[in-house]
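Enquirer: Below is the structure I would like to discuss, written out as structure tokens.
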Amino acid sequence: MNSDLGLWAVPIAVLGGMLRVSTPFLFVSLGECVTEKSGRINLGLEGTLVFGAMAGYGGSYLTGSPWLGVLAAGIAGLLFGLLHAALCSLPKVNDIAVGIALMILGSGLAFFFGKPLIQPAAPMLPGLSLGAWSSVPQVRAALEVSPPFLIGVVVAVLLLFVFKRTRIGLVLRMVGDSADAARAMGYPIIPVRVAATAFGGFMAGVAGAYLSLYYPGSWNEHISSGQGLIAVALVIFARWNPLACLGAALIFGGAGALGPALQSVGVTSGYYLFYAAPYILTLVILFVTSSPRKALEGAPRELSITR
Amino acid sequence: MSEITQGSSFAGAAARPLLGEAARRRLEGVLIPVTALLVGLLLFGLFIALNGKSPEEFYYLVYRGGFGTWFSLQNTMTRAAPLLLTALCVALPAQLGLVVIGGEGAFVLGGLAAAVVGPLFGFAPGWVAIGLMALAGICAGGTWIGLVGAMRHYRGINETISSLLMAYIAIALMHHFVEGPLKDPASLNKPSTVPLGPDMRVGEIPGMDVHWGFAVGILACLLAGFVLSRTTFGFSARIAGGNARAAAVQGLPVGRLILAFTAAAGAAAGLAGMIQVAAVQGSANASLAAGYGYTGILIAFLARQNPVAIIPMALLIGGIDAAGGFIQRRMDLPDATVLVLQGILFVAILVSETLSGRLLPSRNAKG
């Protein structure tokens, strides 16, 4: 594999890993970004992600079309989002706690229904070869980009436009910044939040399908290692800006790819410490950018998690 | 729950309702969670029935496998032992309104610290080594979650997110040390630290097949309940949890309370990790990260963050866990069935919060 590239193999492998590993982070964080803009937080996206991975794999296996699998995962995610939204719309029900509960329920249901799916092989999503110009196999492998990643980039740009330039975005931001103001203007609070949470669930479901149908591309009970939760922290790090979510997802993907990349050139000691890199990175960034006296800049003011 | 009764005597001159305010709240505090648990069990029964299995058989097997015989009851108590302490790791910060969900990290590091410290004192009497191991577990866990509290207080970092990140980091650290610098060369199949000597192992409660960790967990829950309901310290914490700004205006040291409660929470989970190593595993290895910290979250919420109520809830969840393998074999259900049940119970209890203050008629209800 890395015969003549020497140490160059590491950055190339990190680049490739970054494009692959970042996609689920990107989708979950974009969805969560919309949910949080409306003033709610959904920690249950981790469970939604796992369920999406199962539903996507099952859908692809049963229909023979990976894209129908993605759709099935998205719809399953949407339903989980609706459940979270409906429960949190009851008075005195805490959105963080419901998220934790749905994390357990989502994973539990995914493992329950996913047990017969561990053996069979489902059709995978195809990759796009953007590295065909290169004669170096490592570069070609690194630039094998998945269509969902490109879709995610487009969605990030679209969301930025929606937030900044459209009426829907304005209403969403108003509901998230001051429910009182939105109510006074006659905008419905709960329907907006329900829609925003359902969108977040849909995106997390799609992210799950990416895990099981593209990379790592299999269904098992260890498919997610907390990507759904990291993505929630990542939205804070990205200051509720969809384009910053893209950047943050790429950084996280790169950090996550560092361990395996170093391992491929023979650096094996401290593997687990590299594995912890994305978590340490998030914590450091939260530490540097937080302030004890004021809420985070750009934070929706109705959001319970920032204050 | 609430011991504040001044309110009812203050307003009680006019019409006398059937129940005083305090009694009403106390009754509600039992009725609501019990109803929620029953509804959750009913919903799960429906889920089982929809999957073509018999819910009656499932619940009968839970009873048989978790509570029905002395043998299964002891098994349940053993399973509940670490959960009592990891649930405290959630319930203590919750008094201040903090949602700490990273007890798994403190648990894992507590176990690792104990496994490191124990063998260093091989020359000392067993009880000294055990005491020092417990101290090591408490310190490691207390520091870990205490850091979460410090980051919350000094930097305003959300404790839910940071404690979770810290849990992932702790698990990575544990893997790193157990499979690297601290690996016992003799542990080939499953990388572990050096095994503890027989006199450093925590034994069983006389006359029972349950290790002392269960007694320690029960005592810790009772102690926490006492401190919260009967001391000024606990009272000030509840005030700070109700309204941090009002507490600060009253001169209560909110920052110090946050540090003390998060450190105590971590200490409980760290102690649970130490017990797991000293009473069950005999050394630190990857089995430490088996989710005891995460199950503790569920139990604390089922107990509505009341330390004393943690005891029955830990026994309930421990019993369901203990019966899990048995049920799986008998009914041919996936092992995730228990996880589905936990999730449904969790959702049911959270949704039931919406009824609080509305279930029974209150004299000062707003109509």
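Cβ atoms are placed via backbone N, Cα and C, with glycine included.
Bear in mind that the values here come from a model prediction, so they are computed numbers and not experimental data.
In case it helps, TrEMBL gives these features for our protein:
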- B:30-50: transmembrane segment (TRANSMEM)
- B:80-101: transmembrane segment (TRANSMEM)
- B:106-124: transmembrane segment (TRANSMEM)
- B:130-149: transmembrane segment (TRANSMEM)
- B:161-178: transmembrane segment (TRANSMEM)
- B:210-228: transmembrane segment (TRANSMEM)
- B:257-278: transmembrane segment (TRANSMEM)
- B:284-302: transmembrane segment (TRANSMEM)
- B:309-327: transmembrane segment (TRANSMEM)
- B:339-360: transmembrane segment (TRANSMEM)
Enquirer: Please determine whether the transmembrane segment (B:161-178) and the transmembrane segment (B:284-302) are in contact (criterion: at least three Cβ-Cβ distances under 8 Å, sequence separation 6 or more).
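Expert: Between the transmembrane segment (B:284-302) and the transmembrane segment (B:161-178), which are separate recorded stretches, there is contact, as judged by 3 or more close Cβ pairs.
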Enquirer: Between B:30-50, B:106-124, B:210-228, B:257-278, B:339-360, who has the most Cβ pairs under 8 Å to the transmembrane segment (B:130-149)?
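Expert: Most contacts with the transmembrane segment (B:130-149): B:257-278.
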Enquirer: Check the transmembrane segment (B:210-228) against each of B:80-101, B:106-124, B:309-327 and return whichever range has the most CB pairs under 8 Å.
Expert: B:80-101
Enquirer: Considering only Cβ pairs within less than 8 angstroms, which of the stretches B:80-101, B:106-124, B:309-327 has the most against the transmembrane segment (B:284-302)?
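Expert: Ranking B:80-101, B:106-124, B:309-327 by Cβ pairs under 8 Å to the transmembrane segment (B:284-302) puts B:80-101 first.
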Enquirer: What residues elsewhere in the chain lie close to the transmembrane segment (B:339-360), defined as a C-beta under 8 angstroms and at least 6 residues from its ends?
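Expert: Hits for the transmembrane segment (B:339-360): 19, 24, 27-28, 31-33, 35-37, 39-41, 43-44, 47, 295, 298, 301-302, 304, 317, 320.
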Enquirer: Please indicate, using numbers and ranges, the residues of the same chain that are 6 or more beyond the transmembrane segment (B:257-278) and have a C-beta under 8 Å from a C-beta there.
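Expert: Non-local partners: 81-82, 84-86, 88-93, 95-96, 98, 100, 103-104, 106-115, 118, 130, 133-134, 136-146, 148-150, 152-153, 159, 196, 200-202, 211-213, 216-217, 220, 224, 236-237, 240, 284, 288, 292-293, 296.
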